[in-house]
Amino acid sequence: MEKGTGTPAAGGSCPQKNAEILSSQYGINLFLAGLLLTFAWAVHAVGISKSHLLSYLITLMLIQLLWMLWYLCRSCTQRRLIRDKDTHAGARWLKCGITLFAVITLILDSFKIGYYIDFSNCLSPTEGIFPVTHAAHTILQVYFLWCHAKDIIQSFKTLERFGVIHSVFTNLLLWTNGVLTESKHQLNEHKERLITLGFGNITIVLDDHAPQCNCTTTTLCSIFSQGIYYLYPFNIEYHILASTMLYVLWKNIGRKVEHHQQHKTPFKFHGITVGMIFGLIVLTSTIAVVVVYLIQIGRSKIKSELALTMFYLHAIFVLALMCTAGVVALLIYRLEDRSLDNSKNPARKLDAELLVGTAAGSWLLSWGSILAIICAQAHPKYTWFNLPYSVLVIIEKYIQNLFIIESIHREQEKANDDIKTLRIVTISRGSTLSLTPSYKEIYNGRAARDIGELPCLVSSSICARESDGGGGANEETSQGNSPVTRSASEFSFYSRSSVADNKRRILKNIAAFLFLCNLSLWIPPAFGCRPEYDNGLEEIVFGFEPWIIVVNLAMPFSIFYRMHSAASLFEVNCKT
C-alpha cells in the first residue's frame, strides 16, 4: 500500500494502472456473483432462497459501511490538509436530487420493516435485517457523497480504489435487486391485462414469492405491500445515481488537476418562462394520462384499447415537440462559432457515455415494436399508433443526445472581444475610472448611453490614432468623425449583443422545456404505465417469455435515461 500526497513519480504510473485494473476486476466479479445469485432466486433454483441473496447484499453493505467510516475518520484527522477537488463532480443539484431519492428510500425501508413484522411468522430474519442495514447504509452514504464526492484521493490510493469500486458495484447490485422485485410485481398485473385484451392463449403462470402465511393486521399489510411497489422507482434511481457519483470518485483517484477558478452557474428562472410554461403543460397532461391509463387498463377490452390509444397519441405529440425543440437548438449551435472543451473530465465523459448507453434500452424496445407491427398478421387499431410512437422515440433520443453532449462540451461564453479592447485602451489612456463602465453595463447596453466616448473606444482604428499620434490634428480628426463612428459602432455592438442574447434565451427555454418533458416521460414507465407490456402484439410475434425478458432488461435503462437526461439538461440550463 502506498501513501503519497505530492505529484507521483513517472515510474509510479504503472503500479497505479495495475491497481485500477485489479480493483475493476474485483468489482466486476463481485457484481457477477450477485447477479447470478439474483437470477437463481428469480427462477427458483434448487438450494437458493431469498435469504441467501439478502445475506450476500447485507454483507456487501456492511463492508462498504466499514470502509466509509474509515474514510470519514481519516478525513477528520486530516481536515487541515489542502485537498484537490474536482469542481465538475458532485454538483449541488445532483446532491439534492440524490437526497430526495434517499429520503423516499428510507420510507420504503420503513414499509419493509412493517411488512416483515406483520409476516414475521413465515419470513426469514434476513428480510427484517436487510431494511435496517439498508437504511443505515443509505444515511451514511448520502452524508459521504455530500462531503466527499468532489475529492481527488492522493493517499492510500490502492486501498481506496478497492473501497470505492466495492461501493459502486454494491449500489449496482442493490439497483438490480430493486429492478427485479419491481418487475415481478409488474408482470403479475401484466398477465391480467393481457387476458382483458383478448390474449387468452397465454397461459404462463407467474410467481411473486408471496409469503405462505396470513398477515396479523390485514389493513396494514395491504398498505405496506402496495406502498412498497410505488416507492421502488425512487429507490432504483437513488442507487443508480449513487453508483455514478461513486464511479466518478473512483476515476478521480490519483488524478492530476490544474488549479483554476471554476465559475459557479446557479439555476435562474429568469428568461425561461416560455419553456417552463410549455414544460409544465406537458408534465400536467402526462400525469393526467398516467392516472387515466392506470384506472382504465385491464377493466375491459374497450377501455384498455382506449387507454392505449390515449397514451400513444399523447406520447407522439410530446415526442414531436421535443424533436422540433432539439432540431432548433442544434441549428442555433451550427450558426455559432464556439470551440469545444476537450479537456479531461471524468464526470462529463461518464454523462455522455450514460446517455448513449442507456438510450440503447429504448431503442431496443422501439425496434422490437416496429418489427412486431411489420411481421404481425393481425393488427388491432390501437397498435398502429405504436409505429409512429416507436419511430419518434428513436429519433428524439438521437437528437436530444446530440444536443446535450454538445452543450456540456461547449466552452462557456467569454467576454466580448470589443469589451476586452475597450478595457485595454482605457487603461492605456489613464482614464479607467471615468471611462470604463462595468461589464454588466456594457452587456445591457446602458454604458453607451451614459459615456459618449464608448464608440470611439470600441473602434480600434480611432483609438489607435488617438493613443499613437498624440497630436491636435489627429484629435480634431477623430472628434470630427465621432458622430459617424459612434452610430456605426453602436449599431454593430448592439446588433451582436442582441443576437447573442436571443440565441442564449432560446437555448435556455429549450433546455427548460426538454428538462420538464424528460421528467414527464420518466413518470409513465416508473409507475407502471408500460404499453410495451400491455398492447400484446409483441408477445404474439416474439413469444411471451422472450419479449418479457427483453422488456425487463431494457426498461430499467429506459427509465434511467429519462432521469439522467433531465439532470443533464438542468446542467445545460445553468451553463447556457
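Cβ coordinates come from backbone N, Cα and C, glycine included.
Since this is a predicted model, take the numbers as computed values, not measurements.
Listed in TrEMBL:
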TRANSMEM  26-47  transmembrane segment
TRANSMEM  53-72  transmembrane segment
TRANSMEM  93-117  transmembrane segment
TRANSMEM  129-146  transmembrane segment
TRANSMEM  229-250  transmembrane segment
TRANSMEM  271-295  transmembrane segment
TRANSMEM  311-333  transmembrane segment
TRANSMEM  354-379  transmembrane segment
TRANSMEM  506-528  transmembrane segment
TRANSMEM  540-561  transmembrane segment
Task: the transmembrane segment (506-528) touching the transmembrane segment (271-295) per 3+ Cβ pairs under 8 Å rule - done: yes
Task: Stretch among 26-47, 129-146, 506-528 sharing the most Cβ pairs under 8 Å with the transmembrane segment (540-561) - done: 506-528
Open item on the list: With a cut-off of 8 Å between Cβ atoms, can you find at least three pairs linking the transmembrane segment (129-146) to the transmembrane segment (53-72)? Only pairs 6 or more residues apart in sequence count.
Closed with: yes
- [ ] Could you pull out which residues elsewhere in the chain have a CB under 8 Å from any CB of the transmembrane segment (506-528), counting only those six or more residues past its ends?
- [x] 186, 189, 230, 233, 271-276, 278-280, 282-283, 286-287, 289-290, 293-294, 311, 315, 318, 321-322, 325-326, 328-329, 332, 400, 403, 407, 555, 558-559, 562-563, 565-566, 569-570, 572-573, 576
